[in-house]
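This report refers to the structure that appears directly beneath it.
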Amino acid sequence: MSWQSFMQAQLAQRRQNSVWRQRICVEHNSGRKLQVDGQHYLNFSGNDYLGLSRHPKVIEAWQQGAAQYGTGSGGSGHVTGFSLAHQQLENTLSEWLGYPRALLFISGFAANQAVITALMSQGDRILADKLSHASILEASMLSNANLRRFTHNSPSSLEKLLAHPTEGKTLIITEGVFSMDGDCAPLIELQQLAGQHNVWLMVDDAHGIGVRGREGRGSCDVHGIKPELLIVTFGKAFGLSGAAVLCDETTADYFIQTARHLIYSTSMPPAQAVALSAALQQIRAADESREQLKQHIEYFRKNSQFRDMQLADSQMAIQPVIVGDNEISLQLSDYLRQKGLWVQAIRPPTVPPGSARLRITLSAAHYQQDIDQLLEALNGFTIK
Ligand SMILES: *Cc1c(COP(=O)(O)O)cnc(C)c1O
């Protein structure tokens, strides 16, 4: 088979199954609104939960950081790419979240991959929630450890897996808030099980950090737990990008020796670290935005009366509307777009087969009338 016919066959299959993916070019994004092809839409697909991506103080910090440090970091953190700005951000993060150390990564994807592949190898065992993010599952496979997935948010399913004895190390992995469902992990039970079996727990809190907990400290703060490994990402509520791993001294030293993403990749621009420090300051003081978001969530749930589709059981900014069929999820997304509402359809393999959905995300940047507009459209939708 030639390369051309191989790829064309693959592409044709994707079109046929309604899982064709394409990128759209966003001409303008204010957080609350998007401009695409000259048209304006209310944006219900972003992860900028607190509206921070446009915060004047954060923008100013990035500009000042660039003026002070230049545009790029100039190398890996192991050479000359670890600056005062990086160090200050790591120190503030570790103090804020109550860990001895924080290590910065350029993305959550990289952080998950670095941590899992550095710690785990053949003979070890990873017990991950069934709905874990692709970056966690990819990394687990790459590590060559034995990957077992427990039933979503089910401590008893995890307990059954833990009951099997193993020679190597065991790492339990979950998310604080699940990215496609918006539900929260039973962190207390998971940490208890980890403790009873003397194994480690890793929590990826990409969607909880900034939004939940005191001063936005995230899901672990809400549940009063401290996993051995906490991953926080900056592409969501922080309104920027990047990630950090929170851990103890020994683990941080171990990652600095072994995590290939730290050694062989250029560190984030120092100016970005300056902007992240400014965003963190805003997040700590953002109780009003968190309250606003909470009210939007309650309002949306209280006033939704959908036919033929189901609102998922989520108290978070992620409010999925499950329609099941791939084609119908696309129809619904198109219908909303015609009404000036941008809501992305999410299809397998991002979500399990038969659970195609609209992934609605609410933000403190929305106004209540924005949500009214969305509700009116959704409440009026019927599957033909
Ligand atoms: C978004 C996300 C990531 C990836 O983070 P990036 O910084 O976007 O690479 C990892 N884990 C979860 C749960 C996420 O939602």
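Here the Cβ of each residue, glycine as well, is placed from N, Cα and C on the backbone.
A TrEMBL annotation is a machine prediction, not a hand-curated record.
What TrEMBL lists as substrate binding site is ARG21, HIS133, THR350. What TrEMBL lists as domain 'Aminotransferase class I/classII large' is 40-378. For GLY108, PHE109, SER179, HIS207, THR233, the entry in TrEMBL reads pyridoxal 5'-phosphate binding site. Per TrEMBL, the feature N6-(pyridoxal phosphate)lysine maps to LYS236.
Using a 10 angstroms CA-CA radius around PHE109 (pyridoxal 5'-phosphate binding site), the recorded positions that qualify from ARG21, HIS133, LYS236, THR350 are HIS133.
Pairwise Cα distances among GLY108, PHE109, SER179, HIS207, THR233, which the record gives as the binders of pyridoxal 5'-phosphate, peak at 14 Å. Of all the binding-site residues given, namely ARG21, HIS207, the one with the smallest number of surrounding CB atoms inside 10 A is ARG21.
Within 10 Å of HIS133 (substrate binding site), judged by CA to CA distance, lie the following recorded positions from the set SER179, HIS207, THR233, LYS236: SER179.
For GLY108 (pyridoxal 5'-phosphate binding site), the same-chain residues lying six or more positions away in sequence with a CB closer than 8 A to its CB are HIS133, SER135, ASP204, ALA206, ILE231, THR233, GLY235, ALA243. Cβ neighbour counts within 10 Å, taken over all protein chains shown, single out SER179 as the most crowded of the binding-site residues SER179, THR350. Between the candidate recorded positions, HIS133, LYS236, the densest Cβ environment within 10 Å is the one around LYS236.
Note: the Cα of LYS236 (N6-(pyridoxal phosphate)lysine) and the Cα of HIS207 (pyridoxal 5'-phosphate binding site) are spaced 7 Å from each other. Across the residues annotated as binding substrate (ARG21, HIS133, THR350), the two Cα atoms farthest apart lie 18 Å from each other.
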